Amino acid sequence: MKMAQWIKTPKTYILIAIVVYLSIASWATRSMAGIENGGIAAGTAIVVDVLFALIKKRKRIMPDGAAITGLLVAMILSLNTAWFIIACTAALSIISKHLLVYKKKAIFNPAAIGLFLSIPIFHAEQSWWGAFGDLPGWYIPLLLIGGYAVTNRVNKYPQVFAFFLITFAMTLAMAYFHKGDAFDALRPPFINATLFFGCFMLTDPPTSPAKIRDQVVFGVIAAITGSVIYGLYGGLMYLFIGLLAGNVFHLLMQRLTANRPKSSSKPSSQQKSKPISTLQR
Amino acid sequence: MAKMKKKWVVLCSTAIAAVYTAGYWATESDKSNIPVNAVYSSPSATSSTSGSGTAQVLDSQSQVSSKYNDGTYVGMGSNRRGTIQVSVAIENDRITDVEISDFAMHYSIDDVVGMPDEVLQIQSANVENVSGATYSTRAFSDAVQDALDQALRA
């Protein structure tokens with residue numbers, strides 16, 4: 001792939017956005033820990049990804065997706081997280097990407113499952129500092145600018161809008177019925193986490209659907225599951241659990257589609273154009 | 001798949017912003033429950049106390065030549081990840097008991113269960129930071145310090 005082509009890929013959009021965010025957050029917190037954590041996580045993820053590529057004897061080794069996963073992990077784990085926990089979480093993410101697969105595609109969002117498992121296994125603390133979780137609220141528009149650019153590039157507006165709409169509607173219902181901690185959910189750092197998660201993790205092309213209807217259902221499942229978990233238990237795992245539930249829905253839809261006789265399937269606009277989900281991270 | 005038209009992007013974004021705003025407005029009344037003097041800070045930033053100043057003396061006795069008043073004091077520490085409330089018992093300038101009376105952090109309470117004993121041991125609010133529990137450690141330390149500040153003789 002030529003440089004000009006690579007620049008236009010969804011992965012490059014995401015990579016540029018999260019590197020910019022990481023730089024801004026590091027500058028604003030006046031700490032180099034974020035850059036160091038990013039290097040550790042991305043480095044570990046790339047090494048593990050390359051190892052798997054060598055084991056699988058892949059001709060093309062391009063670990064840019066692994067770098068994105070590693071950076072996402074580093075931006076969500078607390079700045080004070082021990083380096084080996086960051087490395088292990090990044091490694092877990094990439095291992096899941098290669099082992100938990102269906103038709104050679106990852107079933108679960110690698111960063112989400114790594115971060116989800118890091119809580120019970122490593123007792124990891126998450127702060128979403130890379131989503132400006134420790135900074136004033138006026139940094140949020142920066143999240144939305146990059147988030148919309150990435151969502152537009154991967155063509156996932158229906159999914160992201162469904163997720164945000166249901167999440168905020170359920171939080172409003174929680175506030176109305178005085179259930180759960182709606183106050184926190186709508187303010188930093190939780191609103192930062194929701195926006196960053198919706199635009200940068202939920203939209204991962206290989207682990208989310210391409211069809212509009214499936215995108216909407218995916219977003220609704222992720223939002224309802226996450227909001228129910230948050231309302232009942234609080235904590236910080238709710239977004240990841242929501243996404244993993246959406247990933248399971250996506251897997252089921254893939255299996256149903258694969259089992260359907262070809263003669264009964266009607267040609268759709270989806271089949272005419274190259275689906276975005278083929279652009280593997 | 002065709003890209004969503006800009007008109008629809010704007011309309012959907014506006015609808016989402018409206019629902020968000022309604023939720024934000026509906027939860028504004030909960031603001032009164034948040035400690036007024038709380039200072040939100042990143043654990044990586046320079047130390048700043050987020051004690052709320054809401055501690056109250058439950059039972060105090062006057063003493064003449066000591067640093068603290070005897071009694072049990074309630075202190076609160078908070079940051080963006082939640083709030084911890086502790087009750088600290090003081091007798092003859094010594095911390096004799098520390099209890100976590102309310103834990104409302106978004107992390108596990110297991111992170112801080114050993115800290116009351118540590119305060120009794122070191123006789124100070126400056127507990128050692130626990131890896132993986134920076135925000136809870138900070139909130140707990142601030143809560144104990146807040147209670148001690150309340151106990152200080154004027």
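Positions of Cβ are set from backbone N, Cα and C atoms, glycine also.
Curation does not apply to TrEMBL; its annotations are automatic.
Annotated features, as they stand in TrEMBL:
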type	residues	note
TRANSMEM	A:12-29	transmembrane segment
TRANSMEM	A:35-55	transmembrane segment
TRANSMEM	A:67-95	transmembrane segment
TRANSMEM	A:131-151	transmembrane segment
TRANSMEM	A:157-177	transmembrane segment
TRANSMEM	A:239-258	transmembrane segment
REGION	A:260-281	region 'Disordered'
COMPBIAS	A:261-275	compositional bias 'Low complexity'
Beyond the flanks of the transmembrane segment (A:12-29) by at least 6 residues, Cβ under 8 Å: 6, 35, 38, 64, 67-68, 71-72, 74-75, 79, 129-132, 134-135, 139, 142-143, 146-147, 149-150, 153-154, 200, 281
Intrachain residues whose Cβ lies under 8 Å of the transmembrane segment (A:35-55), provided they are six or more past its termini: 22-23, 26, 61, 63, 65-67, 69-71, 73-75, 77, 79, 81, 83, 86-87, 89-91, 93-95, 97-98
Positions whose Cβ lies under 8 angstroms from the transmembrane segment (A:131-151), at least six residues beyond its ends: 10, 13-14, 17, 20-21, 24-25, 28-29, 75-76, 157, 160, 187-189, 191-193, 195-200, 203
